[in-house]
Each structure stands twice: as C-alpha cells, then as structure tokens.
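In what follows, a single structure is set out as structure tokens and then discussed.
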Amino acid sequence: ATVNLRAVTSWVGIARLFAIVLSCIAFSLVASTRAFGGPYGTWCMFTWCFCFAVTLLVVLLELLELYPKLPLSWDDFTSAFSMLATLMVFTTSVVFPSTFIDSPCSGSKCARQAVATTVSCLCFLAYAIEVGLTRAKPGDISSFLSTVPGLLKVFEAYVACLIFSLLDTFSSEAGLQWCVAVYSICFIVTLLIIIFTIGRCLSYIPCPLEKMLVVYNTLALVMYITATILWPLYSFRGKSRPESCGSDCWWNKHLGVTFLTIFNLIAYLVDLVYSTKMVFI
C-alpha cells in the first residue's frame, strides 16, 4: 500500500480529522460521567462511537489508498456517510443536553456534559463542512449521492427512521395505517436507491436513473401529501393533550411524527424539482 498524504492534508481530510477528534472527546467525556442510561443515552453514545469509527476507517483507507479495492462506489459511500453523520450528530447535539443536563447546572458532572454538548456541536459543523466540500458541482452527476438529490435521499431515509422511532403505538384506524404504509414504502425504496448506488448496481435497473427518480419522487410526494393530512387528522381528532405529558407521552410523539412528515414532504418536493432539472434541463 502507498501513502497518500492528501487524505489528511486536504480540506476534506482536515475536516475528517476534526470530526474524529471531536467525536472521540464527546463520547469520552460522557462516558466519564457514567450518566448515559436509557434509550436516548444509548443513542447518543452510539452516534459518537459510530461516527468516530467509520470516519477513522475512511481516513485510513484513503491514506493507504486501499479504497479502490473495495467493491463499492467510494465517492458515493463517503458522501452518503458524511450526510448521515451530519444528521446523526445534529440530532444527538439536541437530544443529549435536553435529556441529561439539569437546570440549574452545577458540579463537574454537569460541566463535562456541557463541554460534551459543545464538542458535539463542533463535530456537527465538521461533518457539515465535509458535506459542503464534497458536494457535486452543478451539472456533475458522476457521483449521484454527492448531488443535491442524492443527499436528499439520505435525509429522507434518516427522517423516516426518526418517524419509526416515534411510532410506538397507533390505533387500528385505516387512515393511520395508510400513513405507516407511506412511511415504510418510501423508506424501503429510498434505502434501496442508496444501496444500489453505493454497490454499483444501477446498471441492473432497466430504465435510466434520472427518469426513474422523477417518477418515484412524484409518487412519494403525493403519498406524503396524504400522510401530512391524514396523520394529524386521525391522531388528534377528538383528543386533547394530557395534563401530565412527559417525554414519552403519546401526544408529543404524534406531534413529532406530524412535523417529521412535513419535513420529508418538503424534502421530496425539493428532490422532485432537482430531479426534474437533471432530466429536462
């Protein structure tokens, strides 16, 4: 193996090194407090450790120039991962302080949690900078997942995962079941597009990717429009917010699903616009 120093001296490499160091500091500080129990704490620790490990692996593979031997599209993989890491660290930077930092904040434990939150926010900026540096220039579609439609695919899949995490209970009404079907179908198809792109399997698709994306984004947009209307209608119709509504309250979770549905609706709309431009302009 040869050594490629540009893997750590380029702007993208420097951003990745910052992300490695910052994510390591974040999970080390939180681990030292021994206060990260429960699903939210587990999620935060998993995010920092996962991003640290994968980013370190990416840097090592590029430094030793071993990535061409992998049976995948490296540019698509790194673009998708940097976008995913940006979203995961951003979510963690919001969830961790709101869940674990008490008010008023005092003592060494709280200080370490506050520093970990700050470091996590800086880690989010490092990944966001990497996304900006690796994003494809207008007209360049050699690496699909580095284009705006490709990055939106990662965003749409991640938001769908957040929706699933809030779907602990829902009634057997047909309207809500349809909404869950919308979330599931769109997530599966979007995930398959990402996997096929990274695995260089797009040649097996019997139609051009750009035209297929226009058709799929149109159908997904229409389906999400129905979900945006039906989910709040059936979730909150004739039901008031409980007086004692904590973090696990069904009302808050259903409200979260409502906003996340709107976010994905906007994402699919923007995705359709960009996909249409790729085909017709």
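The backbone N, Cα and C atoms fix where each Cβ goes, and this holds for glycine too.
Automated prediction, rather than curation, is the source of TrEMBL annotations.
The model shown is predicted, which means the values in this text are computed figures rather than measured ones.
Over in TrEMBL, the protein carries these features:
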- 7-139: domain 'MARVEL' (DOMAIN)
- 12-31: transmembrane segment (TRANSMEM)
- 43-61: transmembrane segment (TRANSMEM)
- 81-101: transmembrane segment (TRANSMEM)
- 113-129: transmembrane segment (TRANSMEM)
- 144-280: domain 'MARVEL' (DOMAIN)
- 175-202: transmembrane segment (TRANSMEM)
- 214-234: transmembrane segment (TRANSMEM)
- 254-274: transmembrane segment (TRANSMEM)
Tell me, roughly as an integer, the mean pLDDT over the domain 'MARVEL' (7-139).
91
By DSSP, how many residues in the domain 'MARVEL' (144-280) are helix, how many strand, and how many coil?
109 helix, 0 strand, 28 coil
Across the domain 'MARVEL' (7-139), what are the DSSP residue counts per state (helix, strand, coil)?
110 helix, 0 strand, 23 coil
Using a Cβ cut-off under 8 Å, which residues of the same chain at least 6 positions beyond either end of the transmembrane segment (43-61) come close to it?
7-8, 13, 16-17, 19-20, 23-24, 26-27, 30-31, 36, 67, 70, 78, 81, 85, 88-89, 91-92, 95-96, 120, 123, 127
